[in-house]
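Features of the protein shown, as given by TrEMBL:
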| type | residues | note |
| --- | --- | --- |
| TRANSMEM | 21-43 | transmembrane segment |
| DOMAIN | 22-447 | domain 'Major facilitator superfamily (MFS) profile' |
| TRANSMEM | 63-83 | transmembrane segment |
| TRANSMEM | 90-109 | transmembrane segment |
| TRANSMEM | 115-136 | transmembrane segment |
| TRANSMEM | 148-168 | transmembrane segment |
| TRANSMEM | 180-201 | transmembrane segment |
| REGION | 227-249 | region 'Disordered' |
| COMPBIAS | 240-249 | compositional bias 'Basic residues' |
| TRANSMEM | 265-290 | transmembrane segment |
| TRANSMEM | 302-324 | transmembrane segment |
| TRANSMEM | 331-352 | transmembrane segment |
| TRANSMEM | 358-377 | transmembrane segment |
| TRANSMEM | 389-411 | transmembrane segment |
| TRANSMEM | 423-447 | transmembrane segment |
| REGION | 455-522 | region 'Disordered' |
| COMPBIAS | 467-477 | compositional bias 'Acidic residues' |
| COMPBIAS | 502-512 | compositional bias 'Basic and acidic residues' |
Amino acid sequence: MGRSDPEGQLPAPVKPPDGGWGWIVLLGCFVITGFSYAFPKAVSVYFKELMKDFHVGYSDTAWISSIMLAMLYGTGPVCSIMVNQFGCRPVMLIGGLLASAGMILASFTTNIIELYLTAGVLTGLGMALNFQPSLIMLGTYFDKRRPLANGLAAAGSPVFLSSLSPLGQVLLEKFGWRGGFLIMGGLLLNCCTCGAVMRPLDMGMKRKMGKAQDKYEAKEMLPIGGKSEEGISTADGTKKGKKGKKKPKKGKKLLDFSIFSNRGFIIYTISKFILVLGLFVPPILLVNYAKDTGVPDTEAAFLLSIIGFIDIFARPACGMVAGLKWVRPHVAYLFSFSMLFNGLTDICSARASNYTGLVIFCVFFGISYGMVGALQFEVLMAIVGSQKFSSAIGLVLLIEAFAVLIGPPSAGRLVDALKNYEVIFYLAGSEVVLSALFLGVASYCCLNRGKKEPLPENNPSAGGGSDTEEAESDVQEAEEHSSDNHQPAQSTDNAVVVANEEANHVAEEQRGEGGGCPAGDGEVLARDGCNADQMVERDSF
């Protein structure tokens, strides 16, 4: 994107610090992820009291959690537009207030419809406005350690699930469901604290490198002669004089649909849709499946705790593995393996007929489920890059929303019709395996095709309106302007040397910090300050 992005928007990234304040951002993302995924499940402890007070059935109260999840997934494009327009921090602050207000208002409701609108729609929207921007900020603060950061942030889901459910039970016993909702609303105000720490990165280095790059490109494009010095100075003047005219061109798109031209993104989206159809079915049906096989209620409920406990350690561990130098360029294949592992676990456990078999299933399911959770957003960041991640995640979540509304409800209807859980586990596992095979095979084919098609020189990274293109147009305008008044200049060589030295100095700084990828004398500096790992990841798609 252009350098005229407002301060509140997500501009072209500078070198991620991979630490420092990024650890505070990671902590905020950990909390946000925990609330977003665990809260819709944790409120289920209040359902029996709600059924008694409002005289409704279990399916009616279950719609509260369903609406929360639908808002979390379905409002993805809306969140993307708001982030691109206003930035991450303001959106997260508003989201925290909405999430808290929804639960506080829900404590005063008098019927189930009002609960749908407050706890369901309002709180769900607030959590959505926190979840997506937190992942975007995590991608801007981490690069080399990004897989580990994603794994640690994803661990917030099982940690909060194991904490919020017992807390909700205690609050229900001491204060009732209304008092519990009120206190839960107060806890959600912590989302505002997490949003407050999401400060944007300093843009000073980006402006410095962009200025030197403009002069360097002008020196390379203009012929050696009397117009060089005048062209360089005129290019700077033209850019300043026409800043207002260039602004619409440089402005960040509210929702960038050009990502659909990325083959890797299309492959990821299709595989993720198939994955979600079957991924959440086994943990939803596991307790009832265990009860039908003769397992006592307390031991059946403990199975979910086993999955959560294993999940807590599986996500950070998988993030560490994905960050290894020899693994990270092939992280898409690791994600495909994790999905294959999860699907085969479902299929192999379909015939489990005793408690020991179900415990073994929970252990392996917790490992594979944690791997999928730790890698899903890391792979998306590697495909589209941090610039377009805000638009990409919004569109992906919207597509996943349809799968969430299709998969688990369809499985429930099949159980009612067939009275057989074995078929459901086979079906869910087959869907997950299919998604894994599609991602692995399609990625491999695209990788081979990418190797056969050499990339053109001076081709900027994905995205429209790059700084290089803008600099070229400015130099052309400067050349036309100076063609009528061109005079031989004695200081042409000096101007060329100064521009070249300034560009090389910035290149050496970026190379010394490990955050740039400078080219040779005849090549344009990389616009994003990308490193070798980033280039390998994106080239693999």
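Note that Cβ sites are derived from N, Cα and C of the backbone, with glycine treated the same way.
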Tertiary contacts of the transmembrane segment (302-324), as residues 6+ beyond its ends and Cβ separation under 8 Å: 144-152, 154-155, 157-159, 161-162, 283, 286-287, 290, 331, 334, 338, 358-359, 362-363, 365-371, 373-375, 378
Per Cβ pairs under 8 Å, the stretch of 21-43, 90-109, 115-136, 331-352, 423-447 packing most closely against the transmembrane segment (148-168): 21-43
Long-range neighbours of the transmembrane segment (331-352), counting only residues six or more past its ends (CB under 8 A): 147, 264, 268, 271, 275, 278-279, 282, 293, 318, 321-322, 358, 360-361, 364-365, 367-369, 371-372, 375-376, 378-379, 382-383, 421-422, 425-426, 428-437, 439-440, 443-444, 537, 540-541
Recorded stretch that, among 21-43, 265-290, 423-447, has the most CB pairs under 8 Å to the transmembrane segment (358-377): 265-290
Rounded mean pLDDT for the residues that make up the domain 'Major facilitator superfamily (MFS) profile' (22-447): 83
